[in-house]
Amino acid sequence: MAELSLKGVVKRYGSYEIIRNASLDVADGEFVVFVGPSGCGKSTLLRMIAGLEHITDGEIRIGSTVVNDVEPADRGIAMVFQSYALYPHMTVEENLAFGLRMTGNPKVDTQRRVQRVADILQIRELMKRRPKQLSGGQRQRVAIGRAIVREPQVFLFDEPLSNLDAELRVQMRVEISRLHKELGTTMIYVTHDQTEAMTLADKIVVLRGGNIEQIGAPLDLYDNPANQFVAGFVGSPKMNFMSAEIIEATDHSVTITLLNQGNVRVTLPVERPRGGSGERVTLGIRPEHFVKAGQGDADLTIKVDVAEHLGNTSYIYANVTGGEQIIIEREESRNETNRDLLTVAIRSSHAFLFDSDGNRLR
Amino acid sequence: MQSSRNRAAYGFLAPYLLIFAVFWIWPIISSFVMSFQNTRINPWTFSPGANWGRLFSDPAFYNALKNTMIILVIQVPVMITLATIMAVLLNSPLLKAKGLFRFAFFAPVVVGEVAYAAVFRLMFNLDFGIVNKLLNAAGIPSISWFAEAPAAMALLIIAVTWRWAGYNAIIILAGLQSIPDDVYEAATLDRVSKLKQFIYITLPLLRPIILFCVVLSIIGSMQLFTEPFLITNRGGPGGGTETLGLFLYRQGFASLNFGYASAIAYTMAALAIAISLLNLWVGREPK
């Protein structure tokens, strides 16, 4: 087991910068998830930690060793690939033992380790099968097994569940979480699925365009997003964003008017208000933070476009002018149907304000 | 409805089926029948011993069979090994101008057979060929490539290998490129050296492709005709490079003994199928 740190890590292809000045500390035994949209650099960052990509600048440290120029095999890491990357011509047992066998590990120890992994992952009955005779979930388990058998200091997972169906993904997610508890090893996990990130991580690293946008515990990111991107990326359904304009800014509050919502006015508590009257801002509200009319700080009347009733909860979709879509989550709304007019209220304590650059006004 | 649609389909297929029957099925059947006929007398008569009996006692047939087998046993493994090495080099990320090399390796296949034979005859000429000049420069005496049977056989093997190694390399390259990169990355993380990756990952995964190339090459070697005909001067010296293909040609089109030529053709086909099947069986994927 080991801690890991990145200091000012940069990756450039020619003049194109893929990763910009990434710094991060991962504690021993921590489960860290890199999350972000496609092309944000999360897999590149993981591959740089693995040593499969060289870093252009900065420093990567695993344990107390700077590993910038250390061969991938000597970094004490094991990686689980998105495509499983199993050796197709070998049985499960051979896949698990291959690395150890090739490096001259004693046969008895190899056998012991392989059997242990088979027990941990409950794949004993699959040992004589080849990858093509396994289901997606079983293959993923073998791929994880191949990583465990190396007894690494750090596990790296590159979107390991993205090829599985929804049900299996949930099941494997729980298994990976259980595995982390059992092994207690440092794990770094890449995904574009924010639900996976929220459920698995001790710490989430949100990336966009090669930049680390925010690092924090899942609920910290949810409750206190640093900017509009993180606010929109974390949470499902995603946060609603409404165009607004500042009417008045005082020492500790800002009053805005919602431009596409009939100029409804809301006053929000803001510690350090920036900008003055007339400045364009964006109001963010999570779907579950709307309350019944009259119970909040400002009422909003919307026309229901589509209502999805999921049993325990409902999602109301409303299209308003300016192309803004509002999603409202309500527990007791089974009677709402299309084209109903619905009045809900906004609580200013549960709303976020972002400036025109997407930075949060706190 | 169904039957009328079937009729229409067969109607469209009819021209092809007709040509296939006339130019493929009929000659196959006809030559099989012919192999049991004595075609050296008129009219041809049914006489199985005339061809099949002769085949098993004809020293010229055994000579051609021996020559073909020598070429097959030496040339096919050498060529496939070379082709695999060429494919690995072509696939290397370190190689620049890949397209140019791919074309260069494939080019011998598109060169006209007569031109290629003529160039080889010139290159291996006893007195002024570049090959002997290079050998001399290295202190090795000139080799009489066309007058000594072993040298002529070696020349044939070199020529066929030159012509077809690149072709097989391109097929093997396609196989190499179908192996995902992350399998090698996983092996790298498993501390498996490049050489061991090649032996334990690349070669086993290439097995079906290599087998395909081997079978194609066996069939090609069994039918070898152009090179012994054009390069070593009709199987010379003294039948030293006469292959089954050339022997068949001489019997069929020089001596006009079509019955015997048919029996040779069927023997060649049967041998090619038997060797290919054996090869596929030996190289089959373990259960």
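Cβ coordinates are placed from backbone N, Cα and C, and glycine is handled just like the others.
Residues or ranges marked as transmembrane segment in TrEMBL: B:12-34 (among others). Within its own chain, the transmembrane segment (B:12-34) has Cβ neighbours under 8 Å at 44, 258-259, 262, 265-266, counting only residues six or more beyond its boundaries.
The domain 'ABC transmembrane type-1' feature in TrEMBL is assigned to B:65-279.
If you look up TrEMBL, you'll see B:69-91 (among others) marked as transmembrane segment.
Annotation source TrEMBL lists transmembrane segment at B:103-123 (among others).
Annotated transmembrane segment per TrEMBL: B:143-162 (among others), in sequence order. Listed as Cβ neighbours of the transmembrane segment (B:143-162) (distance under 8 Å, sequence separation of 6 or more from its ends, same chain) are residues 67, 70-71, 74-75, 78-79, 82, 108, 116-117, 120-121, 124-126, 129, 131-132, 135, 221, 224, 227-228, 231-233, 236-238, 240-241.
According to TrEMBL, the feature transmembrane segment maps to B:198-219 (among others).
Under the heading transmembrane segment, TrEMBL lists B:258-282 (among others). Within the same chain, residues 31-32, 34-40, 44, 50-52, 54-55, 61, 72, 211, 214-215, 218-219, 222-223, 244-245, 247-249, 251-252 sit at least 6 positions outside the transmembrane segment (B:258-282) and bring their C-beta atoms closer than 8 Å to a C-beta of that stretch.
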Same-chain residues near the transmembrane segment (B:198-219), Cβ under 8 Å, at least 6 residues beyond its ends: 72, 75-76, 79-80, 83-84, 88, 164, 168, 171-172, 174-176, 179, 183-184, 187, 192, 272, 275-276, 279-280, 283, 285
